[in-house]
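Below is one structure, written out as structure tokens; comments come after it.
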Amino acid sequence: MEETIEDPPTSAVLLDHCHFSQVIFSSVEKFYIPGGDVTCHYTFTQHFIPRRKDWIGIFRVGWKTTREYYTFMWVTLPIDLNNKSAKQQEVQFKAYYLPKDDEYYQFCYVDQDGVVRGASIPFQFRPENEEDILVVTTQGEVEEIEQHNKELCKENQELKDNCVSLQKQNSDMQAELQKKQEELETLQSINKKLELKVKEQKDYWETELLQLKEQNQKMSSENEKMGIRVDQLQAQLSTQEKEMEKLVQGDQDKTEQLEQLKKENDHLFLSLTEQRKDQKKLEQTVEQMKQNETTAMKKQQELMDENFDLSKRLSENKIICNALQREKERLEGENDLLKRENSRLLSYMGLDFNSLPYQVPTSDEGGAGQNPGLVYGNPYSGIQESSSPSPLSIKKCPICKADDICDHILEQQQMQPLCLNCPICDKIFPATEKQIFEDHVFCHSL
């Protein structure tokens, strides 16, 4: 499949949040035959604009998020969106990457934000000749899938309710945290104002005390009144100090609560990070299993090719063997004919074929003059090699009184051409080129 190593953009968007009607799939079959490429036809609606990272995936029926795709192909962007033909597009899925089971699947168009923009009707991957058998099973599976979809919708609604509850709880906590922060800022501002006021008032009191001391020296009669005034001011200062301590203690409590909320937030973030790591490990495991499956199928194909080559060579060897067997039978037939012809000629000459020496010469006797293609050899080799003809082996013709009847027969036999025929290509070789003939036949088996 012509897809890049980069994973497509996905999201955990729920089914109710998708816009399935913005891309329309057409010409979707009820089932596709395994082993063949599948072409997906789709059409963009008027207000939908495709983007570069959009993709079409094959999902098993009952999927929840776009991360559950089986395989995908990138979408080809049309050159002119205003053209009507540009709205109708297609993409082809290679047979090797398609599902191998008979579950129900559907095409889904996903944009680069991971949001589903269109979904097709369900279909299967199964052989065509099983259509009649699968009619009842398909209906049962459809009912089972509908029941499963109802359960998934119910579970989905529960998850959405939980999600809304968690979102509301999170929103309340954020609002409470914001409120606490505002209160803390207000308290800090009040604290600063009080500190400034206390400092100013303390300075004022010190100045007033100094003035009172100066006045004490001048007005001894008013000393008691000023002492009472000092006591009152000191009591007021003590009360304000206690109030300030309470405010400081409240500020510390709010700070501790804020730290506790920060710790809880960090704990939740760490938990989310661990879950993402586990999900990434699972995705890597799935990818490794796909690679192992690809390697095994390649190895199986290589073994099948090797088995085919061996079968082909075995068939060729059988053909050569049969051809050699036929050639052997033909040569044996020719030898039998030659033996009968020799017996006839010897009978005509008055000689007994069985009483002749050198009838079946060995490899050391007369080997140079024999035909390498014959099994029984030349029956006249002994007569040709003798230095003088025996009176018992040669008879004169009673009619013509000729002594050269044997020479005539030998001359006629030597004039007969002996050839070797290739049983495969029918090429003819002289009898003296037996080695070349054998090398030629052996080359056919390579």
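Cβ coordinates are placed from backbone N, Cα and C, and glycine is handled just like the others.
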Listed range which Swiss-Prot flags as motif 'LIR-like', given the options 15-18, 203-206, 323-326: 203-206
Range annotated as region 'Interaction with MYO6' - as stated in Swiss-Prot, picked from 83-134, 395-446: 395-446
Per Swiss-Prot record, range annotated region 'Interaction with LGALS8' [choices 41-51, 294-304, 338-348, 371-381]: 371-381
Distance from C422 (Zn(2+) binding site) back to S445 (phosphoserine), taken between C-alpha atoms, in Å: 13
Residue among binding-site residues C422, C425 with least C-beta crowding, 10 angstrom cut-off: C425
Non-site residues, in chain order, whose CB comes within 8 A of the mean position of the CB atoms of C422, C425, H440, H444 at Zn(2+): P423, I424, K427, V441, C443
DSSP-assigned states of the zinc finger (419-444) in counts, ordered helix, strand, coil: 11 helix, 6 strand, 9 coil
